[in-house]
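Participant: This is the structure, below, for whatever I ask next.
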Amino acid sequence: MSARIIDGKAIAAGLRAELKEKVEAFGKTGRTPGLAVVLVGNDPASAVYVRAKARQTVDAGMQSFEHRLPEVVSQDQLMRLVETLNDDFAVDGILVQLPLPPHIDATALLSAVDPAKDVDGFHPINAGRLATGDTRALSPCTPLGCIHLLKSVEPDLTGAHAVVLGRSNIVGKPLAQLLLGENCTVTIAHSRTRDIADLCRTADVVVAAAGQPEMVRGDWIKRGALVIDVGINRIARDGGYRLVGDVAFDEVCDRAGAITPVPGGVGPMTIAYLLQNTLKAARQRSGAAAI
Ligand code: NDP
């Protein structure tokens, strides 16, 4: 058996097309949703992400505000910028591109973002809302994208045993909360978990977000299980570099029911949900019903 490949690129494109229509409808209230992105320093990968985010924001009919700051910017300057964006009526979403330089206290900065504009979903208020099932939560984009991809294959995940590899605040923990919200029985594994392979063999759903190249092997996967590969790892191979996920794709394809590729799986969904969160923030700020 060869697994069905979940085409995140196509699903994200469909989501953005739907979103564009919703943005147009929202425009009848007299407002255009706006997303502000703050980029510090010259990290080439971050610059690529920020460009893609800005382009897709505009393509979806929303306003994009970019703030590029030099590597040497101070914490105070960044805090002041965030406060200005918090007070700017035209800005519905604020995204601070990570990673930040080591002299910046990222936790303090992210906590300074108005939770109503926290489209990355990293603010403790939004983490709390997600944990308590409050529908106003702006939840992290990558986990939202993972749930969407899973539901594209299996709309009702009730009762499934889901194993999440990774417990970061950005991916693993919020993903576990979202899976609970879908009535899964959730196990969170991390670097200190014993017998991860055996644990995965009991899973109906495996989401790999450990940042370990091709860690999940074919014989870890129950036949027919759904496998979502969040990992993005750049490894040296065949005299060059290539991107691989946390899942040994070819091996797992032979056993899984469905699997996401890397690239072209979870990655494109992350930006689509950033735009979705920006519209949700705009609607909530203007008192319209949640999308
Ligand atoms: P972190 O490094 O913050 O977290 C990694 C997690 O994996 C930790 O909880 C760690 O455990 C766990 N882990 C590490 N090694 C192992 C192991 N051998 N066995 C089991 N668990 C392990 O990473 P992120 O959560 O930020 O990202 C995870 C991956 O997803 C990365 O490859 C990243 O590039 C990718 N990513 C992709 C995105 C996308 O849009 N596609 C978006 C965000 C991330 P412990 O807590 O014990 O240290």
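The backbone N, Cα and C atoms fix where each Cβ goes, glycine too.
Pulled these features from TrEMBL for this protein:
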{"type": "DOMAIN", "residues": "6-120", "note": "domain 'Tetrahydrofolate dehydrogenase/cyclohydrolase catalytic'"}
{"type": "DOMAIN", "residues": "140-285", "note": "domain 'Tetrahydrofolate dehydrogenase/cyclohydrolase NAD(P)-binding'"}
{"type": "BINDING", "residues": "Gly166, Arg167, Ser168, Ile232", "note": "NADP(+) binding site"}
Participant: Test of understanding: give the count of other CB atoms lying within 10 angstroms of the CB of Ile232 (NADP(+) binding site).
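Facilitator: The answer is 18.
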Participant: Over the domain 'Tetrahydrofolate dehydrogenase/cyclohydrolase catalytic' (6-120), what does the predicted model average in pLDDT?
Facilitator: 97
Participant: The record names Gly166, Arg167, Ser168, Ile232 as the residues that bind NADP(+); what is their largest Cα to Cα distance in Å?
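Facilitator: Those residues reach a largest Cα separation of 16 Å.
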Participant: Summarise the domain 'Tetrahydrofolate dehydrogenase/cyclohydrolase NAD(P)-binding' (140-285) as counts of helix, strand and coil residues per DSSP.
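Facilitator: Split by secondary structure, the domain 'Tetrahydrofolate dehydrogenase/cyclohydrolase NAD(P)-binding' (140-285) comes out as 57 helix, 32 strand, 57 coil.
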Participant: Counting only residues 6+ apart in the same chain, whose Cβ is under 8 Å from the Cβ of Arg167 (NADP(+) binding site)?
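Facilitator: When sequence neighbours closer than 6 are ignored, Arg167 (NADP(+) binding site) has Lys173, Ala176, Ile188, Ala189, His190 within Cβ distance under 8 Å.
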Participant: In sequence order, which residues at least six apart in the same chain have a CB under 8 Å from the CB of Gly166 (NADP(+) binding site)?
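Facilitator: Correct list: Gly172, Ile188, Ala189, His190, Ala208, Ala209, Ala210, Gly211, Val230.
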